[in-house]
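J.: So that we are looking at the same thing, I have put the structure below in structure tokens.
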């Protein structure tokens with residue numbers, strides 16, 4: 001065992017059969033190599049592991065040096081929103097579909113992870129967004145997002161009228177089905193499917209991408225990540241929502257605004273030493289190969 005990581009947490013999809021196989025392999029392999037291992041409680045229950053140290057995501061974030069997330073990007077997003085609050089590094093083994101965030105190959109995970117555990121890795125600091133639904137002199141409802149914060153109707157799709165302020169200065173008004181506010185990490189997710197630009201992970205930028213706008217002049221906008229975005233609504237209604245990473249929904253009540261800003265903390269995402277962001281884009285999006 002080396003000195004780069006001493007305590008490793010295992011988290012991810014607790015009920016997917018192939019993911020559970022990877023969880024079990026990972027647990028036994030890490031224990032055999034002498035690491036202290038903490039297994040997320042639900043995973044330990046599904047695997048029927050005995051005499052194993054278990055913990056919640058928050059406890060793993062507090063105690064472990066590295067968290068290995070087994071699953072797809074959705075599992076990574078769910079875990080990362082909690083783990084980003086702590087001084088812990090995170091890496092993913094892909095048991096999902098695209099795998100933009102979980103980039104270890106499950107068939108070669110042992111060797112790739114062995115190299116990482118020896119200190120052969122690169123680290124990226126991915127920032128999060130914080131969304132607040134608030135009314136003057138009232139308690140705020142707050143959530144965070146790794147990928148994006150989305151304004152949308154709560155149930156049936158319909159047009160929304162709203163104003164966008166950037167650093168408390170009016171920027172534009174819009175009539176559309178919603179708005180996607182994305183980090184660079186999320187620029188290859190929902191934002192991309194709505195026509196937004198791809199941002200490299202190190203950019204300090206946020207994108208605002210309209211969803212089915214009712215005018216051809218509405219275009220994606222890229223702003224500095226230090227800016228604060230305020231959304232105000234022309235017709236007070238009780239059927240609007242803000243969703244974070246398509247996993248957490250915050251309802252917007254009459255008279256409330258939405259504030260979106262960069263989080264004070266970030267996700268320490270690590271990759272194998274040979275990781276290339278542009279190679280990942282080319283592979284996942286089916287870009288053309290080199291000509292010569």
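Note that the numbers count up from 1, one per residue, in the order the chain is shown.
Note that Cβ sites are derived from N, Cα and C of the backbone, with glycine treated the same way.
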J.: Among 247, 253, indicate the single residue that Swiss-Prot lists for the NAD(+) site containing 73, 74, 147, 148, 158, 175, 177, 188, 189, 190, 191, 192, 193.
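T.: It is 247, as the record lists it for that site.
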J.: Within a 10 Å radius around the Cβ, which one of these binding-site residues has the most neighbouring Cβ atoms: 147, 191, 193?
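T.: Its Cβ has the most other Cβ atoms within 10 Å: 147.
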J.: Which has the fewest other CB atoms in a 10 Å radius around its CB: 73, 177, the listed recorded positions?
T.: 177
J.: What residue among the binding-site residues 158, 189 has the most other CB atoms lying within 10 A of its CB?
T.: 189
J.: Would you kindly give the Cα-Cα distance separating residue 189 (NAD(+) binding site) and residue 73 (active site, proton acceptor), rounded to the nearest Å?
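T.: Residue 73 (active site, proton acceptor) and residue 189 (NAD(+) binding site) have their Cα atoms 10 Å apart.
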